[in-house]
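K.L.:
What follows is a structure written as structure tokens; I'll ask about it next.
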Amino acid sequence: MSENGNGPRPQRSGNGGNGRGRDGAPRGGKGGYGREGRGGSSGARQGSYPSKPRGPRRDDRDGRPAGGEGAKRSFGDKPRFSRDGGRRPSGDKQRFSRDGDRDGGKGAPGKGGFSSPRRSDEPKRPQPKKPPRPIAEGQEGYYRGPEEPIRPGGANARPHQPRMTGKPPAARPPRRDGKTPPRPVRHATPARRVALQALERIRTRDAFAQEVVDTVVDRSQLTPEDKAFATRLVLGVVSTRGVLDEMLYRCMRTPDDAQPDVMSALRISAYEILFLGKADHAAVDQGVELARDVAPRAGGLANAVLRRLATVAKAFPFGDPKTDDSAFAFSQGFPKWLLDEVQQSIGEQEGRVFALASNEPAPVYVAVNALKATDEEMFALLAAAKGNPQQASAGGITPPGCYLLETGRVLQDGRVSRALNLGHIIVSDASAQAVATLCLPEQRPASLLEVGSGRATKTTLIQSGAKRKYGQQIERYVAVDSFAFKGRILKERAETCGFTVSDMVVGDGRHLEELLGDETFDVVFLDAPCSGLGTLRRHQDIRWRIKPETIEEDAQLASELLQSAASKVAPGGLLVFSTCTVTRQENVAQVARFLESEAGRGFRIEEVEGKAGFASELVPGGPDAHFAVKLRRA
């Protein structure tokens, strides 16, 4: 053969040939055209590859390790590539495929058992590593290469090992200290955490739910979808709190098992299970994480209570809601006594419709402020913001500039938000707008007294309506309220919305003679304090704050205010009495008692749209329930 290796190719050994390995040892198995390191044997390469020195034969080394092979391994030694969980590098072949391959050289051909051909000591050509096969959590058996998992308990099953997480080795390195890996960090969803924060503020500060939603949820960094979900959770938990607590207490040894902040977390998951139909496992999991957020050791309690609740909830509401009023009240998150009160006032079937509507999201209505903008401008703006504005009415009255929006998200549009901040439009229910129109007689009144001005919403509506109807605002406008901070709110809104108020008086409306002297007014508007049941969709915490004696107290206070307001009506003037509730005791019976009293004998009822008074019903998709009556003084 020439120096450069050109010449006849070296003869390869066939079956039974004289091919030897690097150390000169004879190769086992079949011959053929196999490369070094494969099952076949090959003779020494000549020409292209320089000859390498050969050591002594394997059987002449006095028990020393063979070159390139490492220490001799006994039959019971562990596999060379051993990792936690039985894993091995995915790019290396497995020496022993199965435990059954190790006995007496009976392994399957090609699987790497003792019966397979011996391999060369030369390093193999690098092969691209394949990504490890993912292992599903809970999968039976363990991944050991391309073979299918062996069923636990089988003849060739491996000893029991802890369940693997399915993470690839690179992401979950083995623990060398033998300790159990830490539990992965998990958290409740952002919407639920914000909802829990809002519920805690309501509880600790005894605040109203809607006000907390405006400050905590609406100002959070949540997406619009998460804000809507968090709002639903907060208002839903508040409106059904009594039922949620009763159900949770059934699953505890004593009501003192959970501290107050943990109870707030449990109520969220209980509401999802009982009223939103959330899957049990998801609600329980999130409830446990919420409980851990406020008290790390409360996870076990939360898990046990919520799992019991998921079982008990299968019998909820413990009766047929179609025929059993108690079961119906329970299913709607109503105290039974309150449902009875409503049904006695407006009818049995109407009371059920009222309860159903009270749990629905409240529609969003806006009123165009004629003092700052025109209906055409605001309609175009709302339509451009995809609010799909529709002219709205309530109780047979259609207030001008009153629009129903398709969704409350329209208010977050930059153009609409700017119009709100500038006072061009205000958010107000259609029934409240209808009541404001009743305060404007055909002839422009010279003076108007508003008793209970609150946050000046109806003040804005009345003066805006006066601008529409008379071309100018009512000149002498006096507002009275018992809270000084509401007086400050009125002044701020007057600057924003552009209405005028002659005087803002802070004091007890039951003593108007002391506050205003002998002055009388052409129109006196009394927005009386009441139970507020007509606005349950917007004030969800009312139903569990109110008590039977509360309605009696509110009715008595309104009676005293009505008699005081009557004394300030000028001869021929108008007295408008309104509430936002549905109970007979606070509405119809109240007016009847007044007309029979000494102070009310000089008044008569003035019809509204052919009826004795105004009353809007609370029905799904409709406005709030309000009541109003116009009383004309002789």
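Glycine residues also receive a Cβ, built from the backbone N, Cα and C atoms like all the rest.
Sharing the feature lines straight out of TrEMBL:
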REGION    1-190  region 'Disordered'
COMPBIAS  1-13  compositional bias 'Low complexity'
COMPBIAS  56-105  compositional bias 'Basic and acidic residues'
DOMAIN    354-634  domain 'SAM-dependent MTase RsmB/NOP-type'
BINDING   Asp481, Asp508, Asp527  S-adenosyl-L-methionine binding site
ACT_SITE  Cys580  active site, nucleophile
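Walk me through the surroundings of each of these features.
P.N.:
Asp481 (S-adenosyl-L-methionine binding site) counts 24 other C-beta atoms within 10 Å of its own C-beta, drawing on all protein chains shown.
Packing around Cys580 (active site, nucleophile) is summarised by its Cβ count: 26 other Cβ atoms lie within 10 angstroms of its Cβ, all protein chains included.
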K.L.:
If you measure Asp508 (S-adenosyl-L-methionine binding site) to Cys580 (active site, nucleophile) at Cα, how many Å is it?
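P.N.:
So the alpha carbons of Asp508 (S-adenosyl-L-methionine binding site) and Cys580 (active site, nucleophile) sit roughly 21 Å from each other.
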K.L.:
Would you please pick out, from the binding-site residues Asp508, Asp527, the one with the fewest other Cβ atoms within 10 Å of its Cβ?
P.N.:
Asp508
K.L.:
Quick one: pull the CA-CA distance for Asp527 (S-adenosyl-L-methionine binding site) versus Cys580 (active site, nucleophile), whole Å only.
P.N.:
9
K.L.:
Over the span of the domain 'SAM-dependent MTase RsmB/NOP-type' (354-634), how high is the average pLDDT in this prediction?
P.N.:
96
K.L.:
I need the CA-to-CA distance for Cys580 (active site, nucleophile) versus Asp481 (S-adenosyl-L-methionine binding site), whole Å please.
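P.N.:
Each residue's Cα considered, Cys580 (active site, nucleophile) and Asp481 (S-adenosyl-L-methionine binding site) end up 17 Å apart.
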